[in-house]
Structures are given as structure tokens and as C-alpha cells.
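Chemist: Mind looking over this structure? Questions follow.
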């Protein structure tokens, strides 16, 4: 280029600079548009801010600008507005005397620039409408297949999805509350968005990372950050944990329940390791005879169940397994399992017998791996009789026969005990509860008669009447016989006799049968005497029928009325002065002197001699045997 060309270029540059400095009309930079923010579905108010037309916007055109393309959407002529055909038809209206354009039903497609232009086309006002929509709650999907710590590259941990937001929200990943950043070969975050037909966006973010054994319990979650007209906001997903696979470094054996074990417990033995996944284990036990380790049979979960545990289950156990991740052989330390027991409880003599009035000694023994405590209990009542291995019974009575239980327990192991029952037999003839019994029955009905006897040797029972008999063993020396009979007139007349006998004697109980129809009639006229006890004793038997209560009430009422009447009569004579007793001072009957010493009053009584005892003086002196109940009152003195 010559000198002349350089001069031309210089002059051209100077001209351009001077033209910009002079402010050539139409080529000055446009001012920033007015910002209006609104949420999707709300209404936007677009105010025309032409400076020269305040209060007089009779001629205004509204345009939308999208992708640098202007499109007329609304006209204002003489204060009247008219919407142009297109996407904004029926969504625009005027407000504030035509100074404000109202846009309803905001959508993401309305995020653009709007301009209002006056009659002079060189003058216009630009408005930037920004649209916002909060995304839905973020969802997170964890990698359920898990991640190995031996992976050399980042592997997918979880995927976060935020739907229907506008504009696209920002995503941040967290582990245990600490945000994660991109880190070469360690952490990689890959995000993408999809625009829906509605104009809203769906964000998808994938977190990839390398993990270590310490991440086995790590909590991962994602956070979406977005803006609304009210300010900045955020939403968090739930926390998830990704399965982390790592080799085992330690193996051990676990026994449940913990603490002291006893026979009868349900015991579970399992193998555990600090690796993930858990290796497959075998549980082996040392044979006490050969000292060799033998594999035990486990369930599908690899657990050895001892139910119920026995003393034979005691011994040394250990776990053996193979880590499939590293093909490393695994073995635990041996653990001693002790099942505490009590066994072979024995009482001697095994079948004790004794004469009434003599003494008897019972001895109890048992085996256990712990110290034992012995107790003797009465089987019938559960009463504690003695502590220790020996029970002494002195001056035995018939009723002391029966069951005695020796209880052997281990105080250091709660609930561990065993017992042995022994029956003491006292020689004697049959013993029965009563000689006689009465039963109320209905004629032609079936009835069960029962008879119980005890003795040693064990008695047998026979009945005097025909029927279906069955026996029930109560104790080795007791027997209960039940006879099913039909109530006939003959049976009502004769009753039934139950006879119990053994080699030392016999005893009888008679059962009298009475018809129910006679019960009410007989109650007021007959006296019920208590049945005689067998074996020379008797026991008073109280009336238990409801009718007996009525008889007692009637008798008491009659007695009260008789006493009241007698009291009234005595009171009447007392007031009339007919009774001298109890009155103060002395009274004397006045008679002629010649007859005063001869007058005697004779009082006779119809009372029997034994009833006349009620008339004795307070001194309680008895009358002579010849006294026939007559009372003489000497009134001569």
C-alpha cells in the first residue's frame, strides 16, 4: 500500500470517530428494557412508558420481539384497544386509561421483550418480561446394584430429576451434608435438560463417584436452586445410601441369647464379617471324642439353631468361609459354648412305704455343671417343707401319704431346675369321707353317683346296685368310682351302697336318694342331721339349699314376735302392780291375825323338770329328785 492509501485510511477512521462522538440520530445504543417478573399462570401488567405521551396514548402499537422478530399484537386508537390475530388473541386488554397492557395466563413462551410504539415510530418503550415456575420436588434414584471399592473409575451413584421448572434450575449434589464438586477421576456430575411441549424444563443430573469402605453408610441427596419473583429458593430430595462392596478383614461368631445358657433355651449361632456382601460361612464344632472339627447343619440363612439346647451342644465352635470378591479364605477364632444343665434327679427310696406313726427319710440327688440347691415341696399344696437333699418325716399320719417333690435348681442360672415326684404310701384300710350322703334326684332320670376312697394297698370299690361304673385314679393310693344309674322307685327305696376294700380292711358309704318334690314339704317338718363320717368321725354339714334360708328367717321372725308379746304382758302386769319383783320397798298382804300365819299360796307349773331349771334362783341350786316342779311361796313372814 502506498502513501496515498495510508492517508485515506486515516481520514476514514477520523471521520467515523467524529461521527460517533457527534451522536448521529438512530445509531445511539438503546437503553436497557424495563424488567417485569411474573410466575406461570399469573397476569402481567405491561405499562407503556413513552415520555412524550403521559396521559395521552391515543395512538399506540404493541409488539412482541422473539428471536429478533417483531410482531404486532395490539393496537390502541382513540383510547380503544384491538387485539391482533395470533397467539395473544383474547389474552390482552387495556387498563389505567390505556396506559397499561394486561396479559393473562402467562406461559413460559411469554418470556420475551414487548415494546410499545407511539405515532412517531422513532419513539418506543421496551419491556423485558421474565417468566418463572418452581420445579416439582426432586426425585432421586440410587444405584441398587452397588459399587465396589475396587472400581478404578467413577461409577454412577444416583440420578436426580427435577420436573416442570422454568427456567432450568441449578443442581447441587451433597454427601453427608457436604456439597460435591467436580474432581478428576473421583467425582463427575453430568446434567441435561429436556424442554416439554408446555415450555417447562425437566432437569436430569447423574452423580458418578469412586467410593471407599467409609461410604457404606454415606447419605447422598441433590438440591435444586431456582428463582421466583419473590427471590431465590431451593428444594432438596430425600437421602439415599448406595450399596458399597468391600472385602472382609475380620470374622467372628455371634451367639443369641447372650449370657448364661440353659437346657431348653432356643440358641442361634451365626457367623459375621466386616465385609459386604457377607461371605458364605460354614459353622464347625469340635468333636469331644476325636478332637476333630466337624461341620454343623445350618438353615438357609447360614444360622445354626439349637432348639431346644441340650448339654451335648456344649463345646468349641468356629466359622470358616470364602470371600468371593477376593477369593480369600476366612476363619474366626474358636468360641466356647456352655449349655448349663440339671439332670438325673433321683429320690431314694423310689417307692417309699411306711406304717402309720413311724418315721421315713427321703434322699434326693441330681447332676449339674453348676452348684445345686435342693428343696422339698408337698405336691398337693406346693408348700415348702424343707431345704437340702434330705427330708425327714416323723410320726406319719394317714393324711401325710401322697406326693412329695424334690426340686433341684441352679441359683446362678435363673429358670434352670429339674424335679422328681415320689409318692409316700401309708399302710392302712380304706378311708372314706363319710358314712352317709343324701342326694336330691328326679325319678326316671339318669344320675352319676360318686364314691372316693384311699388306702394302702390301693383299695377297690364295688357297688350294691347295678349300673355303669368307671374308675379314675387320683393318686397311687386314691381311687374315685363313678356309677351311672337310672333313678327307679326301687333305687329310691333302697339307696346305694359303695364298699371299698383292701387286704387290711373295708369301709362303706351309703347314699340316700330323695325326690326333689319332697324337698319343700320336708323342710318345715323334718330336722336334717349331719351325715356320720366314716372312720369314727363326724363333721357338721350346713344346709346349703335356698329353702333352708327361708326356714331360718321364719323361725327368727316367730321368736321375735313371741318375745315381744311376752314382754308386753309382763309390762302390763307390772304397771298394774301384780308383780312384786323389782319394785322398791317391801309389800305385805294384810290378813287377820288369826289367819296370817296359816296362809300359804301354792303355785303349780306344767313345765317338765328339766325345763323348770329356768326357775332356779341366781345361786343355781338344784332341786331334790322328788321335786315335781311345784313351787311354794310362803307368805306368812
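Residue numbering: from 1, along the chain as shown.
Cβ coordinates are placed from backbone N, Cα and C, and glycine is handled just like the others.
Whatever TrEMBL says is automated annotation, not expert-curated.
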Chemist: Which range, 483-502, 503-522, 523-542, does TrEMBL list as region 'Disordered'?
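Modeler: Range annotated as region 'Disordered' by TrEMBL: 523-542.
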Chemist: TrEMBL tags one of 551-574, 575-598, 599-622 as transmembrane segment - which one?
Modeler: 551-574
Chemist: Per DSSP, what is the residue count of the domain 'Ig-like' (138-241) in each of helix, strand and coil?
Modeler: 5 helix, 61 strand, 38 coil
Chemist: So, by DSSP, how many helix, strand and coil residues make up the domain 'Ig-like' (31-128)?
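Modeler: Per DSSP, the residues of the domain 'Ig-like' (31-128) fall into 6 helix, 50 strand, 42 coil.
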